[in-house]
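Marked as active site, proton donor by TrEMBL: 333. What TrEMBL lists as active site is 364, 473.
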Ligand code: F6P
């Protein structure tokens, strides 16, 4: 990497810009707002309230070029082995469109299309059965994406199917979910890429027993034989996925079955079309105007040049309230890595803590810390221009709050009273959807997926494995016999806790 790019160059730009208020950057450059506004279909982004100036931005772009981000995207879409630690492709883009001539990508697209047709047929069949409620059982990537999209796009009154999500191994979750349902009018979908996930196997068993058998059980898995055998589910009700789809990138596959049930198959296809449209933007747009690239470079700037250890996403649309939870898995499971592709330690910090919530509620809880706390937390604000509810005044109030928060954080306000003064200089990206539709939501999620991938390339890490979650799972399995009193734990703290549990139980 040359002297003009790389972490040191970015840090020197950050040092040069320290003390330059965000509104001074705007005053220096009348074109700034326009140059930092980008659109793709129904999605508008404005990065003018990020703290890089034109020179720092050029250094960031140079980093994107030296990492060959354009080539990296091409390799992703062409089905190259981007998941090097597991030796496979990550072809989630082939689940929603055909953007590659590579044989592996074409085959993936064909398989995905075929399975989607099977899914449509299963939905049509279910419509005639008197089933009104569906329990979707899965966790992590087999839960968060479908849960977000189904919640965001469902009508205020449930349509033909009410879809409920059950993820946690805590039996209270199953008890509460089932308490309101009638087994005679309920079907369940067990979703697990591996079909080896403790939570889903236990909850699947609860559902099978509660339903009185497997007749109204469906499964989605990359291990369909295991799924069918474990729960005695007829092969026609088991939909496959593939090892080339990562769990957290899988909502476009049959993992989206609950989405299609909640919002209708046509609208599910609209979601895929919106994502595919954004895929085309990523492939066809030069790096400088590429939204996913700009989002990724902004993340690198905030993390590596400015050292910010957290990143927030605030949704000013109640229907997107689950977006932060979904993004936490997408971003933190993908980028929470300390070693590069070759196993050597990374040279810079990787993922910050991602968190967030829905405005305006968040303003009345933790926004105090964002305005006056000692740590700066860069934010993504996500809002929707068109209102779909009957309460127009509320929508204006919602939008006025979104605009005001970003402005207050950026510009601050001086006061003689230190308790009443706002330092400002707190960056945010503004994201506006023309309206919340399947297309715009598909595009938004695809944007985040591509930004995550671009960040992984810039950091030289693998966005598609998640070995970090394995140790805890192994230990939990090993502790089950100890909880039953059959064995002793090795760790002294765990031993003390087990004794406490045994004494109080
Ligand atoms: O524990 C993490 C994880 O492996 C995620 O990556 C995955 O989305 C989730 O568990 C569920 O896995 P599965 O779909 O195989 O049940």
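The backbone N, Cα and C atoms fix where each Cβ goes, and this holds for glycine too.
Remember, predicted model here, so these are calculated numbers, not experimental data.
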Practice prompt. Look up residue 473 (active site) in the DSSP assignment and report helix, strand or coil.
Written response: helix
Worksheet item: Which whole-number value in Å describes the distance between the Cα atoms of residue 333 (active site, proton donor) and residue 473 (active site)?
Response: 15
Item to complete: Within 10 Å of the Cβ of residue 364 (active site), how many other Cβ atoms can you find? Include all protein chains, please.
Response: 9
Response to the item:
Using a 10 Å radius on the Cβ of residue 333 (active site, proton donor), the other Cβ atoms enclosed count 22
Discussion item. Cα-Cα, whole number of Å: residue 364 (active site) versus residue 473 (active site)?
Written reply: 37
Worksheet item: Within 10 Å of the Cβ of residue 473 (active site), how many other Cβ atoms can be counted across all chains shown?
Response: 12
